[in-house]
Every structure is written in structure tokens, then in C-alpha cells.
Amino acid sequence: MESGHLLWALLFMQSLWPQLTDGATRVYYLGIRDVQWNYAPKGRNVITNQPLDSDIVASSFLKSDKNRIGGTYKKTIYKEYKDDSYTDEVAQPAWLGFLGPVLQAEVGDVILIHLKNFATRPYTIHPHGVFYEKDSEGSLYPDGSSGPLKADDSVPPGGSHIYNWTIPEGHAPTDADPACLTWIYHSHVDAPRDIATGLIGPLITCKRGALDGNSPPQRQDVDHDFFLLFSVVDENLSWHLNENIATYCSDPASVDKEDETFQESNRMHAINGFVFGNLPELNMCAQKRVAWHLFGMGNEIDVHTAFFHGQMLTTRGHHTDVANIFPATFVTAEMVPWEPGTWLISCQVNSHFRDGMQALYKVKSCSMAPPVDLLTGKVRQYFIEAHEIQWDYGPMGHDGSTGKNLREPGSISDKFFQKSSSRIGGTYWKVRYEAFQDETFQEKMHLEEDRHLGILGPVIRAEVGDTIQVVFYNRASQPFSMQPHGVFYEKDYEGTVYNDGSSYPGLVAKPFEKVTYRWTVPPHAGPTAQDPACLTWMYFSAADPIRDTNSGLVGPLLVCRAGALGADGKQKGVDKEFFLLFTVLDENKSWYSNANQAAAMLDFRLLSEDIEGFQDSNRMHAINGFLFSNLPRLDMCKGDTVAWHLLGLGTETDVHGVMFQGNTVQLQGMRKGAAMLFPHTFVMAIMQPDNLGTFEIYCQAGSHREAGMRAIYNVSQCPGHQATPRQRYQAARIYYIMAEEVEWDYCPDRSWEREWHNQSEKDSYGYIFLSNKDGLLGSRYKKAVFREYTDGTFRIPRPRTGPEEHLGILGPLIKGEVGDILTVVFKNNASRPYSVHAHGVLESTTVWPLAAEPGEVVTYQWNIPERSGPGPNDSACVSWIYYSAVDPIKDMYSGLVGPLAICQKGILEPHGGRSDMDREFALLFLIFDENKSWYLEENVATHGSQDPGSINLQDETFLESNKMHAINGKLYANLRGLTMYQGERVAWYMLAMGQDVDLHTIHFHAESFLYRNGENYRADVVDLFPGTFEVVEMVASNPGTWLMHCHVTDHVHAGMETLFTVFSRTEHLSPLTVITKETEKAVPPRDIEEGNVKMLGMQIPIKNVEMLASVLVAISVTLLLVVLALGGVVWYQHRQRKLRRNRRSILDDSFKLLSFKQ
């Protein structure tokens, strides 16, 4: 049997007995209790060492007032007890905060949770990462179950329930995973509100032997274990909001719960429920192994970059000093701290940093010998000055992509470049890091290849073993510093200011002062074996990180393996290097805001009338400080190896999907069309361009692209360059696709939503999206969709059979292999021009986009070169997307979008299915913004009130009502067709597009999956962002109907959830029945393909049947031998007991005889 078939066969055998365990039974007694929780028990901002009264920002959250709650709230949390009397509480570490106790288990173990609810409303406990049946899911939603299977869904006040969870091999950490995986548990009656109320805790599942036999168990592979929740805890969603207002506001009647400033004061930017450094100290020893279990929860604003100052983390084999955390994202990071001291942990998202998401951790020497100095490399000296300049965001004066004047009236660019008595225009005072030749700071360094750096400082480069020495001269008017990522430094050289208890509260240069920084690159700071040869990092000023970086002080830093840099300091094996910073530079938060307003001679009377519009005009959506393709053109040759070093910075809206039009890139050996950036994250993407022409680099988030976050790169055929071998293609597959206009219903059946919420219509979360009352449009909209036809006559639609039913609004799943030519014959049967444009493929047209007018037929040819298919670390197939690109934003929101999968050669079978999978599902998670559809006015006329003119299209409620939080165009479990059999191999193509709010963390209940990045990693949540396309694979193991949903709070309530069903193996014998509230549909089993036979629920090639039978026979014989051996042991024990009884009987008789004789 081939290794791939053997692997899947063994995985399937494992799924046959998911609950067979050979480990311990770990029993926990958890009580749900109401408590009073203080987010800042020390009563001050610990980071700045300021009392609340003198800290304006901290006091806005923590000081109570007549209409402010302050820093103390009633919450409901999980507590652990020693037994079922629930009287003797188990003490928890103080730093765990309001989190529930840490639940721990190994593979093969059973976890029994005795849950008792001492609170005043129903709650549950629902886990991630473990196996459970319906009676232990702890999640309330309509799933067709009843009776005892629903008892776990809602434990009433005073009630109790026992939850039974197991950790079978199908949920175990993989070989590539760390010894223990990070998960969570939480209440799931109304999950967003339950969690906001406080019901959440950590859970780890470990490999066998990772835990010792103590109670509670301790890990044997690490010395310290820490669990941190990063979350903007929204107390406005707490079940106790009204009670908290009544208790803590001195004038409760004056409170307006809809007031935005009141709501903001209740959003606590917390780590484990503590803000502004109030988290009790996290202590550890230098040179000891530390495991950090990091997780997030919350809403769209919960984009977190946790920065560990002074140390290095390892996650999934890669070195980093930051961790990206999103709602229901779990990160397991390992650290061996080297530098003693008190260090900062902070979320580097600007607004979160400002609002208190910071804590301290302390590394003690613990009498350890100081580490051996392993710095055997060079001392690399840099002379860098902070220099104030006037910066022009659009020096060309026109859009480099379209040629239009930036100040063209009515254009989007005019909003940013208009110069008037109420607008500054495109030129601002800023400050920039600049490189000089020596310590005299007389002669600047000018390199032609650095022209594209723009506002960025010079590139600092070093290899492992090197020392970086930076002489920093602050020639600006504010104190500034230099704080690096990715290198080591002692406390004396740290560039961030905070209260660490030392005499060095941050090395900062005052105006016209020089300071020297010393950073080192020991071996444990360099790239790992899984990392590329060079790692991309960043340095920035952190005297005031938010104002300093918005003023312009940021630059790139490159750390490479020893020998990776040439004599000229450039990376070997790379022809071109480009460093690009994607950020919305907020000039309102610059040190020079007042100076810029004064220089523009603004009329402050006009400003006061439109302060919001003025502030928005100062938020510059820039790449290296340039908008609308004004970045100097990035030139390269066809076949070059190009390294793109990408940097992120900013606030929670700075979620950037960096798209490379015309060519693809590799990230860590995985093929991508986009690289995701968040504040203080860094990515290196490798491109080998094979597509000649001029293309855009842009942020995929639609509003960012519209606002000018675009640049141009050019690929030329250069003389003297060795021609790359020409890829050979062969005609392979033809698709006939029509754009047709339909009436689309996002939620044709509201029964699931109504049963789930069990509320009146107006009180339902879905009312605003689904009602057609009060001037709202309801759930039905005119849209345009891609649909497949049988041939070029476009007369017979290709029917969507069972496997395609789930596609919903999406066009057909187009598939190809490397080396194929895909031909798409497109007929536009809609009422306006549309096109078909695909990511990832090599489009043969020289005109982009090639549009079809209404009634016109256009043929597209897509070649599939090697760089379109899976990279060395990818799965067998990678997912892409296609859509109409005449107006990419309006066309897509109108409905014209579909999935595309490109596979390795030989993976696809003649009928188009994958030979290595039994099922394939393509899911698009997108907030369809009907306000940006071409058909908005028609929809208002058709579905609005009788007088369409009475509807205010800019009304906030109306705008929100038209944002449909959909999975394949359906809300509230209306998507059908996600059905599979137990033991089947399932590939999920997970797609996301849209805006910065399209942050989606998708959780599969009851199942885990494998995510491939060179190695396989276990997860049950996949993170999606605009322009990201992921492939995850699972073996369906748990029969039942289960929930799949986005874990972002607002998205849950808005209906971004659906059901998938796993049918048991016995149901293979009968038609597969999908029960809905509308009708019952029978979906016949898939046909058995020629040359295959069906065994164990799988289609097995005939040539492998004998081998699989042999494996099954061997397993059967092994089990038989085990049974015989156990039987022998039992017989032997029984015989020994019988002999002992006989001996005792003989002895008794002997004693009696002796007694008688005496």
C-alpha cells in the first residue's frame, strides 16, 4: 500500500474508536460563581507609576462617576473546588486573574467536569480541542437533538451537569506540535455575552508522558507555564451591565447606555482581567524553559500583537518576539529567557497600548551562571539621526496607476490632497531616521536602491554572532529613541520608557543629544532551521510609541544566519530586496499636528464644523509614506529572486492583506497571493516573477485600497539575464460560466435563528438584518452571480448536485493542476459590464480587466505555472479565488465571486475530484456590504418602503442592516450541503475577502483539523483575513450535527454560522438524509469510481485492497492476542486465588487437628 493510503487508513482506524482510552481519568469540580472584579487592584498605572488621578487615559476607564462604572464590575467566573461539596476552593495563581482553573490532560485521558451553577442565570462549559458527544458539548443551538442530549446545553441556576471529554489520537498534538497545545473552555448559552461576563478558562492537551503524577499535574518538559488572555473585555455585553450601573454609578438615572463614550469606558483592554500593568508579576528564572499559552477572545477590535520585550519566542519552529492573537486564536510559544530584569509585555496595537493592555514579567538570575558570550562575529556600526523634514505623500501630483490628478474634484484622492482653509493637503512636517557616514553626522549615505524606502529609516543588517552599535543623534525637537525587534539588549540599552524598577527607565535621546545603543545577535536570536536565511524585523522610537511612529520614526532591520550576507551587506542568493511598510499614518496623532495646522493657515471656524472630516483627511493610507502609487517604481527582471520585506504598524484597523498583482509569492515555503500584516508584524515573501508587465501592490482591504494604499512594480525582460526554462502547458479544462442576475435570499428560513435566540422578533439579534420593517430591506436582494453551463450555447445550466449544494452564492469550484491551461468561456447575461479575474494564475490577456459588455461572450485563458500550485510546505492543493474586476469592490459585493483550487500534478481524477480526499468544501466568509452593490437603488425600490425617497441611504441603522455576515451568502445556518461520513477525508478551502472588519476566526465544533506549514499542526480554529485563502484537512470522526461559526462577537450575533453533519458509518448503507425546516432532501451516496472498491467507508484502489486487508488482519490478530493474553492473566489470577484458598483450608484443618489432639 502507498504511504499516503496507509496514513489515511490508520487515521480512519483511529476514528473508529475515538473514545477508547488508556490514560487517566482527571476529575474537576467547577462552580460558577458571581464575584466583584477589580481591573486595577493596585489603584494606579503600574507601567508609568502614576496614580489614577494624574493619568487621564487610565482614569477614563477606572474612575467611577455619576455616569461611569469605574474599574470594578460584577462578573461571573469558573472556580475550582476539591470535591462535590463545593466548599473548599482550590487556590489559583494570582496572575490567572478572572480566568477559570487550568484544565490539563494527556492523550488517552478522560476529563470529567462536575459543573455546578451557583449564579443567577443558565450557563454551560464548552471546550475546544477535545472529543465529546452531544451530551457533553455544552453549547446551546438547534441541532436536532433532544431529551438527555440537551441537558448539557443550559445548566440552570442551582443545577449541575457532568461533562465527559476525551483526548483520542485524533485530537492529539502532532509530532511537529509542542508537547502541550493551548485551548480554552467557555460558556456557550449565548457565547459572546457569557464570555464578556467572565466565563472563560484555559485548557491544555499534552502528548503522553508530558505531565507528572502530581495533583495538580505539572509539566515535565518546562519549568514555568503561563496562560494569558488578551481581550478588550466589553462590559456593555455583560449580563450584569444594569446591575453594575446601579451599583457603581452615583447617578444611575443619568446613564445613557447607547452613549459611545459610556460604552468605550466599559471596554477594558485587559490581560487576564487586569489593565495598566496591574497583572500580578510573572516570575521566572533565566535559562529555564518557559511555556506561554496565549489566547484571545472578543470582537473585530481584538487584533492583538503581544510583544515580549527583551526575549525571544519560538512558535511552530519559528523565532519571533511577537505573537498575533485574535478572537479564539490559541498560540503555544516557548521561551528560554536570557536577559535578567523586569520586562514589558504589551499589545503593540496603538489604541490597545494606550488604553492599558500591558503587563510586566520578571526574569531572575536564580544563581545561574551567566551565559557564555557567543558573539564571534563583526561589530556593525551605524550612525543614525532623527531629522525633521517636510514630507509629501504624493510628490508626483497624480495617481501613478490611473494618471489622474490627485486633486481632481470629487475624487477619493482629493479628500487627502485637497489644500484649503479646512484641509492641510498632502504635505506634512514629519521626522525620519537618516543614515550618516560617521559620528560627525556631516555626510549622509545615499544609495540608489534605497530610494523606495521613503519615510523609512535606513536598513540595519546583521548576522548571527554580530554586535550592532548605533550612535543615535536626535536633531529633532522632541525626545526620541530606538527600540528594536528581533535582537538582544541589556536593560541599559532598551528604548522603551516604563517603570521596571531599575535605574534605566529607557534610553531616550533628548533634542540635540547623542546616545549609543548596543544590540546583539546571539545564536538563539537568529533564524531557526525552519526559518528563511534572513528574518525581517523593525526598529522604532518608543519614547512615546504612538506619537513617535505616527511622526515617522520607524525603520527595517534584517537578521541573517552567519554567512548569509555578502561583502556589500546584501543578502546572498537574492537579486532584489524591497522593504515596504503598510500603515495608516495618523497625522492627528503626530507630534507635529499643531505645526502642520499652523503651516496650512487653517480657518479654525470651518474646522470646528467638520472636525471628523478633517481628522479623516489626515489619516494617510500609505506604503512607505506614499499614497496612490507615488512610491518610486520597483523594477525587477523576469526570473529574478526578489525578497519582499513587509512591515506592519498602527492600530486595530491596520489589518493589511498585501496583494501582488500578476505574480505569486512564497511565505515560509507556502504559496500565497497575499501576505497578512498587523501592527508590529514582519513578513518576508519571496517572488520569482515570470509575468512581464507593470502591476500593482495593494492592500486587499477594499477601503484601504480605495484610500490609496497602492504601489507599482515592473517586471522587464532584461538583457543578459538567463532565460528561465519555458513552462509547457496543455489544454486541460474548459468552464462555461455566465453572470446572471437573481434575487438572492440570505436567510430564506428564520426558524433556526428564532429557535436559537428564543426572543421576540424585535429583540432578536437578526432583526436588523432580516426585517423589512422600519425602512429596512430585509434579507432579499437583487444580485449578480456566476453560474456554470454545460456548453458554449449557455442553454443548459450545470445542475448543482449534492457535493456542490454548499457553494451557495459562489460560482463553480474551478480546479486545475500545475501545467494545465484553464479556459473560461464567460457570457455576461447581466445588465452592466463584468469580467472574470483570478488570483494565483497566469492570465494570458494583456488587457486587465478584460470586461464583457451585457450580452457579450469573452474567453479567458489561465495558464497554471509551477508558481501557481502548492509550495514545498503546502497541502496537495492550494486555494485561490476569482471575481469580477471591472470594479473589484462593487462587483464582488454585487455577488460575482467564486473559488479556485490548484493542485499538484496527478492529484485530480478525470471527473475533477481529488484522489487524496473524499469531500471538498469551499467556504467564503464575507460581510457582503449591500450598500456598495451596483443594485442598491433597485433593492431600495423593490424591497424598501412604499416611498423609496423617504429612506436615508446614509442612516447608520440602514447602513448596518445591509451588511450581511454570510458564509457563502447565507446567514443563521441557512447554508445547506455540508455533509460527510465518519472516517472520510475532507478538504476545506477557506476564503476571505472584504474590509478590515472581515477578521474571521472559524471554529469547528466537535472536530479538529490539520493545518499544513511544512509540518502538520493540530487546530480547531482557522484565522481568515481579507485576501487570505487557507486549506485545512480533517478526518471526520464524530457523528452528529455540529456548529461551525466565526468566533468574532458581532459576527456570531449577526448570523455568520452554519451546521455541518457527520453521518455514522452505518448510514453508508442508506441514502443520506439532510433534515431542514423547509423540506427533506435525500442525497444519495457518492458513486464508487471505476477501479475502486468501498471498504470501511472509503473508496480504496483495487490494487491496495489486499494490503489493507492484510493490515486489518494484522490488527485483528494483534487484538486477539491481546485478548488471549488478558484472558490468560485473568485465568492465572483466578487459579492462584483458588490455590491460596485451598492452602488456607488445609492449614485451618491442621490447626483444628492439633487443637483437638491437645
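Even glycines carry a Cβ here, placed using N, Cα and C.
With a cut-off of 8 Å between CB atoms and residues at least 6 apart in sequence, the same chain places SER60, PHE61, ARG68, ILE69 near SER265 (Na(+) 1 binding site), listed in sequence order. What Swiss-Prot lists as Na(+) 1 binding site is GLY70, TYR73, SER265.
As annotated by Swiss-Prot, Cu(2+) 2 binding site applies to HIS128, HIS186, HIS1047. Secondary structure from DSSP puts HIS1047 (Cu(2+) 2 binding site) in coil.
Counting every protein chain shown, 24 other Cβ atoms lie within 10 Å of the Cβ of HIS1045 (Cu(2+) 3 binding site). Swiss-Prot lists HIS188, HIS1005, HIS1045 with the feature Cu(2+) 3 binding site.
Within the same chain, the residues at least 6 positions away from GLY425 (Na(+) 2 binding site) whose Cβ sits under 8 Å from its Cβ are PHE417, GLN418, LYS419, ALA600, listed in sequence order. The Na(+) 2 binding site annotation in Swiss-Prot covers PHE416, GLY425, TYR428, SER617 and rests on similarity to another entry.
Summarising the annotation, Swiss-Prot assigns disulfide bond to CYS180-CYS206 (among others) and lists sequence analysis as the type of evidence. If you take the C-beta of CYS206 (disulfide bond) and look for same-chain residues 6 or more apart in sequence within under 8 angstroms, you find GLN104, ALA105, GLU106, VAL107, PRO173, ALA179, CYS180, LEU181, ARG219.
Counting every protein chain shown, 18 other Cβ atoms lie within 10 Å of the Cβ of CYS285 (disulfide bond). Residues annotated as disulfide bond in Swiss-Prot: CYS285-CYS366 (among others).
Residues annotated as disulfide bond in Swiss-Prot, with sequence analysis given as evidence: CYS534-CYS560 (among others). A strand conformation is recorded for CYS560 (disulfide bond) in the three-state DSSP classification. The C-beta environment of CYS560 (disulfide bond), restricted to residues of the same chain at least 6 apart in sequence and closer than 8 Å, consists of ARG461, ALA462, GLU463, VAL464, GLY526, PRO527, ALA533, CYS534, LEU535, GLN571.
Within its own chain, CYS718 (disulfide bond) has CYS637, LYS638 as residues 6 or more apart in sequence whose C-beta sits under 8 angstroms from its own. Residues annotated as disulfide bond in Swiss-Prot: CYS637-CYS718 (among others).
Annotation source Swiss-Prot lists disulfide bond at CYS877-CYS903 (among others), citing sequence analysis. Residue environment of CYS877 (disulfide bond) contains 24 other Cβ atoms, counted within 10 Å of its Cβ in all protein chains.
As annotated by Swiss-Prot, domain 'Plastocyanin-like 1' applies to 24-206.
In the predicted model, residues of the domain 'Plastocyanin-like 3' (370-560) average a pLDDT of 95. Taken from Swiss-Prot, the feature domain 'Plastocyanin-like 3' applies to 370-560, supported by similarity to another entry.
Look at Swiss-Prot and you will find 731-903 tagged as domain 'Plastocyanin-like 5'.
As annotated by Swiss-Prot, N-linked glycosylation site applies to ASN164 (among others). For ASN164 (N-linked glycosylation site), the same-chain residues 6+ apart in sequence whose C-beta sits under 8 angstroms from its C-beta are VAL110, ILE111, LEU112, TYR132, GLU133, ASP135, SER136. According to its DSSP assignment, ASN164 (N-linked glycosylation site) is in a strand.
Swiss-Prot lists ASN236 (among others) with the feature N-linked glycosylation site. Counting only same-chain residues six or more apart in sequence, the Cβ atoms lying under 8 angstroms from the Cβ of ASN236 (N-linked glycosylation site) belong to ALA196, LYS257, GLN263, ASN266, ARG267.
Swiss-Prot lists ASN588 (among others) with the feature N-linked glycosylation site. In the three-state DSSP scheme, ASN588 (N-linked glycosylation site) falls into the helix class. Within 10 Å of the C-beta of ASN588 (N-linked glycosylation site) there are 14 other C-beta atoms, taking all protein chains into account.
The N-linked glycosylation site annotation in Swiss-Prot covers ASN714 (among others). ASN714 (N-linked glycosylation site) falls within a strand segment according to DSSP. Its Cβ taken as reference, ASN714 (N-linked glycosylation site) is surrounded by 14 other Cβ atoms within 10 Å in the chains shown.
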> Between the glycosylation sites ASN829, ASN873, ASN931, which lies closest to TYR428 (Na(+) 2 binding site), Cα to Cα?
Replying inline: ASN931
> Going along the chain, which residues six or more apart from HIS128 (Cu(2+) 2 binding site) have their CB under 8 A from its CB?
Replying inline: TRP183, ILE184, TYR185, LEU203, ALA328, PHE330, HIS1003, ASP1020, VAL1021
> If the Na(+) 2 site is taken as the center of the Cβ atoms of PHE416, GLY425, TYR428, SER617, which further residues of that chain fall within 8 Å of it by their Cβ?
Replying inline: TYR393, PHE417, GLN418, LYS419, ARG423, ILE424, GLY426, THR427, GLU587, ASN618, MET620
> In the structure shown, which of the disulfide-bonded residues CYS180, CYS366, CYS534, CYS903 has the fewest other Cβ atoms within 10 Å?
Replying inline: CYS366
>> Under 8 Å between C-beta atoms and at least six apart in sequence, can you list the same-chain neighbours of SER617 (Na(+) 2 binding site), or say none if there are none?
In response: LYS415, PHE416, GLN418, ARG423, ILE424
> Within 8 Å of the Cβ centre of HIS188, HIS1005, HIS1045, which other residues of the chain have their Cβ, at the recorded Cu(2+) 3 site?
Replying inline: HIS126, SER139, TYR141, ALA191, HIS1003, TRP1042, LEU1043, MET1044, GLU1057
> What other residues of the same chain, not counting HIS128, HIS186, HIS1047, have a CB atom within 8 A of the CB centroid of the Cu(2+) 2 site?
Replying inline: HIS126, ILE184, TYR185, HIS188, ALA191, ILE195, ILE200, MET297, ALA328, HIS1003, VAL1021
> Within 10 Å of the Cβ of HIS186 (Cu(2+) 2 binding site), how many other Cβ atoms are there?
Replying inline: 26
> How many whole Å apart are the CA atoms of TYR73 (Na(+) 1 binding site) and HIS186 (Cu(2+) 2 binding site)?
Replying inline: 19
> With a radius of 8 angstroms around the mean position of the C-beta atoms of GLY70, TYR73, SER265, what other residues of the same chain does the Na(+) 1 site pick up?
Replying inline: TYR39, PHE61, LEU62, SER64, ARG68, ILE69, GLY71, THR72, GLU235, ASN244, TYR248, ASN266, MET268
> Can you tell me how far the Cα of CYS877 (disulfide bond) sits from the Cα of HIS188 (Cu(2+) 3 binding site), in Å?
Replying inline: 35
